[in-house]
């Protein structure tokens, strides 16, 4: 199905623009309605007024500056991950190893912080981001080389590398990087305060995080839709063998797409360390890679849509924290809504596909 | 260049998310059926049960404060719990204590967020959870895990108008706490000595196993206390040489099971049993040690267990339970909260022992030990004798000579370790098998 989507964009950009827009909207609105119905049923079965729950899920994150800041700090790594995944998606690759790439990015970002804590913080942050990006990229290239060199499907290579990455993180946390005098899987010692990314007032919002995320997303959009490189990546995604025959270095483009995605995931991991947790914890990715995959299943290879969808997903998650306190329901209802959205999107996409074929 | 279908990917991801979601529940599962009569509260099966209904349910037990309540402002106090409120251990003890305090403080209302840990709530940090409680009107916030030390301090600095109590912490002791933060901990060392004694009295094989959480000064001093209690009773009541007592600790890495991150306590407990240990002493928040001992016992083996933290913990395996050392936070919480309601808050580091007149007095004793059905009456009598020696001060187990695992001296011959030395215990004692992480 995604073959036709991408193909439509490639060949008939101008002719079908209006129809495309209607199509996009239908694809966004229908899943949303479907997901609302599904979630409403869940809410009704646990005896909660759905409107109250939706008010909190949709607007709760905007109710106070603190919550808004938390939403931005969740949306930023999510945008990086989802943006990166549009690259691999365009290349026809399924980078399920993104969680591991976030973790490796976080681990790599910790290295300069531990080695040179006395450097001036801005310089140290730059080195840390560079290390994080490199860490994520290397991990992604590992998955890519398993796919391209050894013929291991990148899905399974990625999943395997995810386990390996969290294993390394755990080893470091319980071993060489543990807090002095203790061994706890709760995490390494907090970074010194001067190494935390600067925040706005008393909020946890570090402005650098959304800036990095948005700039990265713009670059992804640019290379994917305005550069020849992006065109070639799409061509590889459509039909690698054909693209190869037409002179596109398919293997190279696939590896580059993976590397690009890993780089962005590594930046996300660095943000988690410098801006969110200020330490290395076993679950340092806090699932942003997985949520990023959900976002990409909704937006496919269209980076522009990453921003709104990632913000909506982050809004659900941050808003849901209030649910147990105010309505007495578990905050995992946000996960239900996110999952239902993706499910409904896949179903409606499948139905449209069938209609088109008929 | 095949393209795996999107549906397959979606299924995989949903599966992974489901795995993640399921992965976090087992911590609560083995303990999902606490005895409701214990707290006097209605059964709180869903761990995210709303605060309001329980508040309403306990209100009838309060004296009618109708004359003052309408004019007085409601005092909301909140609690951040690291695990589920029904874990049959550490968190349930805190939860019960908060309900105890609410019932005794007219005009107070208790709200909480539980399962605040990176496995159950990956995107929620302690400060964020505290923020939600304050948004709901909390004027006093209790945080209940050593893991919350940094977050509690940050939140206290950000909210100088809210009082904070960090249970088990020592920020006040180390001088790093702001003035609106206080620390409280119970001298569980005594409870653990009783636990160790009960284990040594009842063990046939003289092989005791300690199911440890993560390694830090608190958990080290509790393991040491257990060992000292066991060693004393092994030598003095069983008349056995100390070196014939095996005492082993295995650390799982956190306070409770986090699949993929910690060792699985169920697995560790079964390993203990298969290695021939016949008493499992728990140091973790949940009750896997007792549950597994119970299973092994049903299968015909002789295995005992000593759970931890919560007075009703034995309920999940009465027959194999030798007893439980538990925290009773309620009375002191009530005093501290009551003082705060009247504007008298004091930032201090408190480390409170049992009420030696009656260690199980629910209204006075911070630390208690309830004997289990598995402990024979004869051993129960010996344990009582041991407790009476602790109570009258004639026996102080932190008396030298005591050496650390690496052979260095902890307490010299004839000397007694002071509070600070015990609180900051840097190593396990000589004679204990297991990692110290100095």
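Glycine too: its Cβ is placed from the backbone N, Cα and C atoms.
Within the set A:205-224, A:225-244, the record from TrEMBL flags A:205-224 under the feature transmembrane segment. Packing against the transmembrane segment (A:280-300) from elsewhere in the chain are residues 2, 5-6, 28, 31, 74, 77-78, 81-82, 84-86, 89, 96, 98-103, 106-107, 110, 166, 169-170, 172-173, 177, 185-188, 265, 268-269, 272-273, 306, 309-310, 313, 317, 338-339, 341-342, 345-346: each is 6 or more residues past its ends and has a CB under 8 Å from a CB in it. Counted over residue pairs 6 or more apart, the CB atoms of the transmembrane segment (A:28-51) and the transmembrane segment (A:123-143) come under 8 Å in fewer than three pairs, which marks the two as apart. Contact between the transmembrane segment (A:205-224) and the transmembrane segment (A:72-94) is present: at least three CB pairs lie under 8 Å, with pairs separated by 6 or more positions in sequence.
Beyond the transmembrane segment (A:305-325), the same-chain residues lying 6 or more positions past its ends with a Cβ under 8 Å from any Cβ of the stretch are 24, 28, 53, 56-62, 67, 70-72, 74-75, 78-79, 82-83, 86, 214, 217, 291-292, 294-296, 298-299, 331-334, 337-338.
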